[in-house]
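Here is the structure we will look at.
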Amino acid sequence: MVSLPENLLPDEASPGWMSKGDNTWQLTAATLVGLQSVPGLVILYGSIVKKKWAVNSAFMAFYAFAAVLVCWVGWGHEMSFGEKLLPFLGRPRFVLGQGFLLKQAFLGQIPNASMVYFQFVFAALTMILIGGALLGRMSFQAWMLFVPLWVTFSYTVCAFSMWCPEGWLSKLGIIDYSGGFVVHLASGVAGFTAAYWVGPRASKDKQRFPPNNLLLMLAGAGLLWMGWTGFNGGDPYTVSADASLAVLNTHVCTATSLLTWLLLDIIFFGKPSVIGATQGMITGLVCITPAAGVVQGWAAIIIGMMGGSIPWYTMMILHREIKLLKQVDDTMAVFHTHAVAGSLGGILTGLFAEPKLSRLFYDTDDWQHFTGLFYGFQTGRVAAGFHQLGVQLLGIVFVVLLNVIATSVVCLLIQLVVPLRLAEDVLQTGDDAVHGEEAYALWGDGEKYSSKYNSVHAVDEVPPPTSGLFSWSLMESETASSMEEHRVGGPSDNRGKHRILAELKGLEQELKSLEEELEELEKTENASTICAELQSHVESISDPLLPVTNGPINVLWDRWFEGPQDTQGCRCLIL
């Protein structure tokens, strides 16, 4: 008999059935998955959208993370993994009692508390991925209702059917290593369906929707990529060789997919797109997820090549040709990056699943299940290979039908209470109209300059235009006065020329955006006459970056004025 070290001796806090190593890794993996959502997707969503939607998009993800947790501990976990109520659903039950949380989980040598937390971050990520299809137009009140309803009536059904040992697809032997079906296919289909019911973004946003910060977008994407170490590495529920294999396969496949997408962009469009590379990264992560621990490394490379090319083709080519895809405004293209990539990964799992690796993960000697078709031909178990591929296809059909129906019902029910889509005037304004807050302040602290008082005033203190038709002569005289006063010194001298330069560059971008809007207004038959006057005046304004060292402030770029609207609903927003 060899006595255990003192720190490994079982006691009331560390019962004999619990592995401290496994529990440590499970909590670490769960935290990595949580970081994919908060801050990963919060940053990614907030930076990949137009500036006016940055706060709303990031906050949709932030809210969903919190709301899903409350639902999960209240009833969602047991509906997904608890006592069977129906063949596809568990009995709802509260799980915060210590009597439950300190017991051994249904799989692994970890307590229920670790399992509840680990499964929660998967549910939260799924919900946030759906939100990616709805950015830039869904009512936040509708989103607040959508999150708990969808988690309750869709996610739990998928999770119980495929991941719970009592689930009907689980008993048939479906392989969904870490959520290719439950998380990604489900979120892609649900996001696309919800986008259909919510409707498109404002036409101007749909036509031109540039990211407001590409560097932050890459930071969010990087957190998503690195967090996938816990996403796929945590699903064996133990510190095992299979977990290590799953992590390596995940990163190899993702890198291959990213490079494949990048090369296709260069070949067909002539430029290496940063956004395209990010999409390729995501499709690689999604595609390997159902197969991560049950395929060999060479298969992970093939899956990466397929994951970077087939979703690229559906997004860049088929999307422009299929009427339904063109009609539905899927902001983040979750249909292609998650539904298409998730389905592809599930099918490729049915082809490449290696029986020995499957036995490591599922801890079974059942040769009738978990054998990929290619290995079925190799080992002479062709029937088992075709059975596995058939179960994978059945899983895809089930997830698609469930999410189309459940998501549609949820959206129609919410529509009875609150509008799904923001009002048109709110769509034009964005964050300020929805939350009363904006991501970026035009001036240092969200303040504006008023040359009339030659000082910094809050927005509410800036006096309105002197008449309905803007008085250009008055503003021009104030501009000259303001510039002269700033040359000789004033309250803004302590801002520094570098800060002024940055602010003026921001103003230049705003001015460029205004010119684009005016060009669109020219095409309108009944455009207001003031638009033409504004256009000619904007063209006469000198370069705002001249004399930078003296920090000139042009109040023409420091005041929003809502011009008259004609019968066509044309509106001039004048800086």
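Including glycine, each Cβ sits where the backbone N, Cα and C put it.
Feature annotation from TrEMBL assigns transmembrane segment to 25-46 (among others). When Cβ-Cβ distances below 8 Å are used as the criterion, the transmembrane segment (25-46) is approached by residues 54-55, 57-58, 60-62, 64-65, 108, 110, 114-115, 117-118, 120-122, 124-125, 128-129, 131-132, 135, 216-217, 219-221, 223-224, 226-231, 233-234, 237-239, 243, 332, 439 of the same chain, each at least six residues removed from its ends.
Same-chain neighbours of the transmembrane segment (53-75): 34, 37-38, 41-43, 45-47, 92-96, 116, 119-120, 123-124, 127-128, 131, 134-136, 138, 140, 143-144, 147-148, 151-152, 205, 212, 430-431, 434-435, 437-440, counting only residues six or more beyond its ends whose CB sits under 8 Å from a CB of the stretch. Here TrEMBL flags 53-75 (among others) as transmembrane segment.
Annotation comment: TrEMBL describes 116-135 (among others) as transmembrane segment. Nonlocal intrachain contacts for the transmembrane segment (116-135), taken as residues 6+ away from its ends with a CB within less than 8 angstroms of a stretch CB, comprise 26-27, 29-30, 33-34, 36-37, 41, 45, 49, 53, 56-57, 60-61, 64-65, 67-69, 72-73, 76-77, 80-81, 95, 101, 143, 147, 150-151, 155, 159, 179, 182-184, 186-188, 190-192, 194-195, 198, 231, 234, 330-332, 334-335, 338.
Annotated transmembrane segment per TrEMBL: 142-163 (among others), in sequence order.
Listed by sequence, the residues of this chain that lie at least six past the ends of the transmembrane segment (175-199) yet keep a Cβ under 8 A from its Cβ atoms are 122, 125-127, 129-134, 137-138, 142, 146, 150, 154-155, 158-159, 162-163, 231-232, 234-235, 246, 286-287, 289-294, 327-332, 334-343, 345-346, 349-350, 353, 358, 361, 370, 388, 391-392, 395-396, 399-400, 402-404, 406-408, 411-412, 415, 420-421. Marked as transmembrane segment by TrEMBL: 175-199 (among others).
Beyond the transmembrane segment (211-228), the same-chain residues lying 6 or more positions past its ends with a Cβ under 8 Å from any Cβ of the stretch are 32-36, 39-51, 54, 250-251, 254, 274-275, 278, 281-282, 285, 439-440. Under the heading transmembrane segment, TrEMBL lists 211-228 (among others).
As annotated by TrEMBL, transmembrane segment applies to 282-313 (among others).
If you look up TrEMBL, you'll see 333-353 (among others) marked as transmembrane segment.
If you look at the transmembrane segment (393-418), the same-chain residues 6 or more away from its ends with a CB under 8 A from one of its CBs are 139, 141-142, 145-146, 149-150, 153-154, 157-158, 161-162, 169, 172, 174, 176, 181-182, 185-186, 189-190, 193-194, 197-198, 343, 346-347, 350. Annotation comment: TrEMBL describes 393-418 (among others) as transmembrane segment.
The coiled coil annotation in TrEMBL covers 497-531.
According to TrEMBL, the domain 'G protein gamma' annotation covers 501-573.
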Tertiary contacts of the transmembrane segment (333-353), as residues 6+ beyond its ends and Cβ separation under 8 Å: 129-130, 132-133, 175-177, 180-181, 183-185, 187-189, 191-192, 279, 282-283, 286-291, 294-296, 299, 302-303, 306-307, 310-311, 314-315, 319, 325, 370-375, 388-389, 391-393, 395-396
Non-local residues, at least 6 beyond the ends, that sit with Cβ under 8 Å of the transmembrane segment (142-163): 60, 63-64, 67-68, 70-72, 75-76, 79-81, 84, 87-90, 119, 123, 126-127, 130-131, 134, 169-170, 174, 176, 181-182, 186, 190, 194, 198, 395, 398-399, 402-403, 406-407, 409-411, 413-415, 417-421
For the coiled coil (497-531), mean pLDDT (0 to 100): 67
